């Protein structure tokens, strides 16, 4: 019996391993796996259903069909275990060996493995240095290849056609050896001397100069070295033995009616075996060559189809015209082994049901239907019934539960007490999509959910379903309670704001309760306290909104924890006094002494959490919810059609707009504006009119006239239900009310362009047929978009998770002094994100100095919490250098100090926290939300009127950056530079406002001049881009030939003519090479030079430009020579946004990127070619100049003689992140990506902490390219993991050798995921075949560092609670590797001995 137990134990024990290696299998290895050769294509006997001998399901090879029973039935039962039956040859053992025993097929002719042949770049082709086409022709028996040239003039690896081969045979006889088919390739591979080849190539590499050749050689060297180091033999890429998958992994299942359902693999194997047997027979018969060849080709094709069907030629189809699923298809794709079974599995002990609202639940509870609980907790109930002696056996317990006896319900209650369950709502977009609750048994069949967690789940009660999971083990329950309980997840991991925030009705109730009303019943009472206020209200002596005086005692707790009491009589309302009763002690009364909208409530909970901690906040949140619901019901806020008050001014606003539009129409007809300008102006007029109507409507809705106690009429905030809902943030928004009571406004077509006739009606007035039809456009687009975009957003999240999954906090401090500079985000006249919000929760990288002094305000390595941020604000600090994950020096993972505060917990981050996944979820989750947002507005085009001026808001002085300008005739400045920035500086030298000033803008004030608030400092036309001259003189047309490069358009009505430049695409042959331009000449006809340069003033005109001047006209500096109509901008929403975010994270190069200066120096222009200019930058120190050819149509931002810094913009356009990294460094590219991504989310009002984006950027920057290898084993131009380069360099530095120099690479997230060190992680992401082929050839080891690899091999992940387990394993491994000679004194030894002896007791022997 004992050895039986030992045997069973051995069955369950898994091998301890630290890494997984993948390599090519040699024929001997395949044979060693195999339990026998499969010789026949038969599967099972159709009469007896027993497997055929030597067939694909043979019991002798693969094991018995029934447990411990041989096929003929001679040996049965356990006592014969291990006996091999002499009659049928089957070993008596468990059936499950049929899942692990493999067979093999001896191939009659070698066959190439299609993965190494066709997966690009072809490994066989690269190794032999032959083109893939040639190899394929040899393999599929179309041509010969020379294997040994001998003494002839034939080269090895030379391809011969049939005729050439016969000629050579005649000429040389058997001097040479040429073959066809896989044997030939196998022979070539076998004869290769890898090491010698490697030496040769390395010599060649040092000699060549051409870049392409170097690249090719490096690739070959890497492949050859991989073969040498991994111990793989090249000839193993050609199969001589084919392994056969265990039969239970390709089952054959009998269906009723005598038919069978079979795995496609059986068909594919059958094909291989049939062809192989036929080939053997033909070879035995010595059949004619052509027949044998054909059979060999067919065998090759059959093996190809088995390994990867459809990779070459047409896919082999089954009986139902569907391609058969080959081995490669089994592992790749969403339904493949990796993503279907290894990364996510279905679980038992789970159920799902519809959710309904549970407003009486506490935050940590959920309502679980009794029926469901009974089913989910069955085993626990059985156990309890037996324990109590109420049931003797499990069977009896089962019967009791089935009968649903009364005692069962009592026991269910006991079992469920304190046993948390997990609730999950699909799609689980971030970690708050699964939370733990304590179940409360309820009648009915729907799960009840606490309303406050709806925001985290993004759940609503319109039919959503949720799944329930039961954590079974004690550890799982502990984790669920400590980490996943809904009460522990109050703050959102994306931005650190509370996510358990009242919304909808609760907000309405609290808002209604805290509003005040003029002359309400009971105004002016003086009450002794909140309790009395409540009594007065309940007795009906005072209204909820009455303004009264109440005596309030506050217990104010500062963040340091000091408590001060103060009592005072405060002017407030009855409702606020009642609400004060549920506010926890420690918060000031001022927090509720205001009308509470959604923002105020969120701030209130946040303050509560920061000052009082978790428990009071949870209780407070619950109380606010109950109170909110109660008073929302009391308020009786309802919506009637009369609540949608249409403003009286609406008609006149629309009339004015219509007049303006008519005016523009006239201008268009008289040729003053182009069609595009007209369209844009019309749209702007209507957008502005819409804004005005909306403003009038909101003013109308938001106030009402009332009579106060003294009989005087005064205005108060309105109690209109619709207004209250929008104002509190409970339901609806100004944009939606505008559609109800203002005008619907402009609508968008499905392609995003705006229809220029707006819908002037609103929903209260009703739409006519045309208006209704126009609006259906937008509404349907919204629905279609949502369906398409949700998938895109999900895919973005998946890529982000994949690239960041192995980033974990691994140490406390890496000790770096580097960091990134944080400044407030200022856009236009408003601070979009103040400094405090950006640095809160970060660690300072340097001491922060008090401005204007030398005092240290904040020391280095301080975690900036709320008080520190207050201090920074008080001292008006403008810039802080904080630690960032991008500059963290930890090798694998990051350190806690570089990350800073754990946003969801509010303290510094713990070791083992999976920050990568959190970052990915935080960025990806809103993406999906945003795609859903669009259809709720119903297609109304949200587009701001185009900006045409800059109006400053504050007092201060102007500062212009990167500016060039000329004075025009009126003494105004005209801007001629393209990325000019205008800043407003206050008296402390802080930037208050910041604006972009476009080219051609006219400035009213210059650099350094003082302005007062509200002053307009710049004007421009938003719809055209002017061409401004910098010099005075006369116009001379160049290359402007009517009919070839330009057309004249004369207006019939006015007789005015304008010249339009043709787009180069529309020009005829001779016009294509001409460059239309305007030159400026002086009175003598000499070219006028641009001041400060020796370049003639000439302005190239891009296509579609309109010139309204004639040849020879006199002009002055600053005049507009021509206009280029700007394309209309479409609607602004996240559609533009999500793909933009994806582009940024994929680090895509924009189409026509900005050209940046490669080095610092002085600009000059060299010799021009036909279509390009030569830009020369000469460094100031006199070293070599840098030259670049730039197309002439690119607008240059620099002039001759100007000094530029490396990385400055030379020619405008969208910047390429790769250029920014190369020229300005890591921090600049981080800043660029962070700001651009934040821009998109900010537009939608979504807050994401910068940290998360930085985490992704760090992962994008994890590779470097070796510039010079030094003494390392790297190759020049090789791409390697930064951590590997750093470790290698540290080692070399310690030994005093030459280190490698490298440049950082920016990889897009898809590329970065596929380029990870771990092949398991990459293979389970995308392009599985390619990744595995590459890994196998190189014999890669996967160290199982990331999360994904560990999930796939079935271990705890090295993060969170699994972090300790992995640290422990690492320590054990190091201890076993390094034998230490202990140096101990005798006393210590005896003490230790005693300790060991004592500790030895009570330990199990397997620990």
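Any Cβ shown, glycine's included, is placed from N, Cα and C.
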Swiss-Prot Zn(2+) 2 site partner of 888, 895, 898, selected from 608, 814: 814
Cβ atoms near residue 70 (Zn(2+) 1 binding site) (within 10 Å, other residues, all chains): 25
Residue among binding-site residues 72, 85, 895 with Cα closest to the Cα of residue 460 (Mg(2+) binding site): 895
Proximal residue to residue 70 (Zn(2+) 1 binding site) among binding-site residues 462, 464, 814, 895 (C-alpha distance): 464
Structural state of residue 895 (Zn(2+) 2 binding site), classified by DSSP into three states: strand
Cα-Cα distance linking residue 72 (Zn(2+) 1 binding site) and residue 888 (Zn(2+) 2 binding site), given in Å to the nearest integer: 68
Check: same-chain CB within 8 A of Zn(2+) 1 site center, minus 70, 72, 85, 88: 71, 73, 74, 75, 86, 87, 89, 90
Beyond the site residues 814, 888, 895, 898: chain residues whose C-beta lies within 8 Å of the centroid, for Zn(2+) 2: 811, 813, 816, 883, 885, 887, 889, 890, 894, 896, 897, 899
Which binding-site residues sit within 10 Å of residue 895 (Zn(2+) 2 binding site) - Cα, from 85, 88, 462: none
Rounded inter-Cα distance in Å - residue 85 (Zn(2+) 1 binding site), residue 462 (Mg(2+) binding site): 64
Spatial neighbour of residue 72 (Zn(2+) 1 binding site) that is closest, considering only the binding-site residues 464, 814, 898 and their CA atoms: 464
Residue 898 (Zn(2+) 2 binding site) versus binding-site residues 88, 462, 464 - nearest by Cα: 464
Neighbours of 460, 462, 464 excl. site residues, C-beta within 8 Å of centre, Mg(2+): 355, 459, 461, 463
Other C-beta atoms that fall within 10 angstroms of the C-beta of residue 895 (Zn(2+) 2 binding site): 22
